[in-house]
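Trainee: Shown below is the structure under consideration.
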Amino acid sequence: MSKPTVEKAANFLRPIVQADLDSGKHAKIVTRFPPEPNGYLHIGHAKSICLNFGLAEEFGGQCNLRFDDTNPAKEDQEYIDAIKADVEWLGFKWAGEERYASDYFDQLHAWAVELIKAGKAFVCDLNAEEMRTYRGSLTEPGKNSPFRDRSVEENLDLFARMKAGEFPDGARSLRAKIDMASPNINLRDPILYRIRHAHHHQTGDKWCIYPSYDFTHGQSDAIEGITHSICTLEFEDHRPLYEWFLENLPVPAQPRQYEFARLNLNYTITSKRKLKQLVDEGHVQGWDDPRMSTLSGYRRRGYTPASIRAFCDMIGVNRAGGVVDIGMLEFAIREDLDANAARAMCVLKPLKVVITNYPEGKVENLELPRHPKQDMGVRVLPFSREIYIDASDFEETPPDGFKRLIPGGEVRLRGSYVIRADEAIKDAAGNIVELRCSYDENTLGKNPEGRKVKGVIHWVPAAESVECEVRLYDRLFRSANPEKSEEGGSFLDNINPDSLVVLTGCRAEPSLAQAAPEERFQFEREGYFVADLKDSQPGKPVFNRTVTLRDSWGQ
């Protein structure tokens, strides 16, 4: 199988890792991919997965899969299973078993107690609204909580009672004692623990207090010996807090945080909240709808792991933002499928053709290559008196430049004979329901003498073809920036009404009858398609269009 032919773009982290290894700062690189299990992974996560696993692979290190499971109210085992499946589908394997931040809850609690004993943390009774008021703004410093000067003994007692479940949700929190006047709002006495009486998918009902992301993340990195903690740029302002915890706790290692620009893809939404809205309101048919930006959606659409990895190589890793053209992703899958997808013929809008001068009862088994370059063998197409062509390939009154079948005109059937249109049969409403044609028996594999036939069209045998459903997927949003809408509008206003067209009664060549789920094809002259992962069955295939043969949006 060929790989997509793309060059790796620059990755500013590669020389940093190389220098750390060369200097002996680290004997081995250890990275991690730390998703929160509160939704399905999307194309933006693919960039982080390829980056973290790719660096570890390139430099002979390891990458951990760690679930940042500190908010049980929004998390679910369903998401954990889906995330693991997506990472494996992309072609990566994490070191050892998957890890959970909840594995470290006991240690994190012990460290929180140490901060209290050192006078660096306190129990605060402010509610969320009061805390926002006290925190200040980007232009105004915050104010100290009235509970900031509680004694160590009182804080230890209250924190123990928080852990014992004596207080309701939100009644108290544990906060670090740093600097309410800091220009970095993240350092204004951030929350370490919240009260949440919620069942946890890993720890059950053991805990009713849960650590914040900021308190959990760096310490989990340290416990696992992470050398390069790589996250997106929105966490750059969190780095001083990340480092404050590491400096003020007896952690076993000192990881370093690096930030890169997240993936912004035009015509695409990756907000978990908005993706969930699309699902919940029925705008799409689930998280794995082939129009979704989720990895499970791309997989069902027919994208290959190799194409997504190639795309991530193409866009590179840097600290500068910007919007990536979705055409680059479509280029990557076209390159992959052009090189690796078997060819086949499928007629989306069948028009019956009767070849009047072809002997009745005669059948020729024509062999066509499964791929023009790779040695994939051949497929057999029975050719007889009755076939189907696509209705769009015949025009009674053709526009200028039309090179397909017209009254009295000739075309070549792909891999077969030249035929001439002699008569169009119509129903009472004037619709063409059948063509009567004649064939030139001397044109199998060669041009007719004395005349030039320009057009080549695809076809399938009438008797042996298999009926199928074809789903023509297109971009879910018609706007390059779907987040932008008219005043008072919503991103939903940008949904493309033609993002899915379902065609039934299509006719596919016989070899497609037993297409396996996720088997990919180039339907000649139509595009790249995949047998649907869920709905396609032997004898009743369902095909999803992955991408058109060419970029029709850029024209």
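Every residue, even glycine, has its Cβ placed from backbone N, Cα and C.
Values in this document were obtained by computation on a predicted structure and should not be read as measured data.
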Trainee: Which is it, of 269-273, 279-283, 394-398, that Swiss-Prot names as motif ''KMSKS' region'?
Mentor: 269-273
Trainee: Which of Thr227, Thr232 does Swiss-Prot put in the same ATP site as Glu36, Pro37, Asn38, His42, Ile43, Gly44, His45, Ala46, Lys47, Ser48, Arg262, Leu263?
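Mentor: Answer per Swiss-Prot: Thr232.
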Trainee: If you average per-residue pLDDT over the motif ''KMSKS' region' (269-273), what number do you get?
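Mentor: Value for the motif ''KMSKS' region' (269-273), mean pLDDT as a whole number: 94.
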Trainee: List the helix, strand and coil residue totals of the motif ''KMSKS' region' (269-273) as derived from DSSP.
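Mentor: Breakdown, helix to coil: 2 helix, 0 strand, 3 coil.
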Trainee: Work out how many Å separate Tyr213 (L-glutamine binding site) and Glu36 (ATP binding site) at their Cα atoms, rounded off.
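Mentor: Glu36 (ATP binding site) has its Cα 10 Å from the Cα of Tyr213 (L-glutamine binding site).
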Trainee: When DSSP states are folded down to helix, strand and coil, where does His45 (ATP binding site) land?
Mentor: helix
Trainee: Which whole-number value in Å describes the distance between the Cα atoms of Asn38 (ATP binding site) and Asp68 (L-glutamine binding site)?
Mentor: 10
Trainee: Here's one to test understanding: among the binding-site residues Glu36, Ile43, His45, Thr232, Leu263, whose C-alpha is closest in space to the C-alpha of Asp68 (L-glutamine binding site)?
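Mentor: Result: the closest of the binding-site residues to Asp68 (L-glutamine binding site) is Glu36.
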Trainee: With every protein chain in view, how many other Cβ atoms are within 10 Å of the Cβ of His45 (ATP binding site)?
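Mentor: Other Cβ atoms within 10 Å of His45 (ATP binding site): 23.
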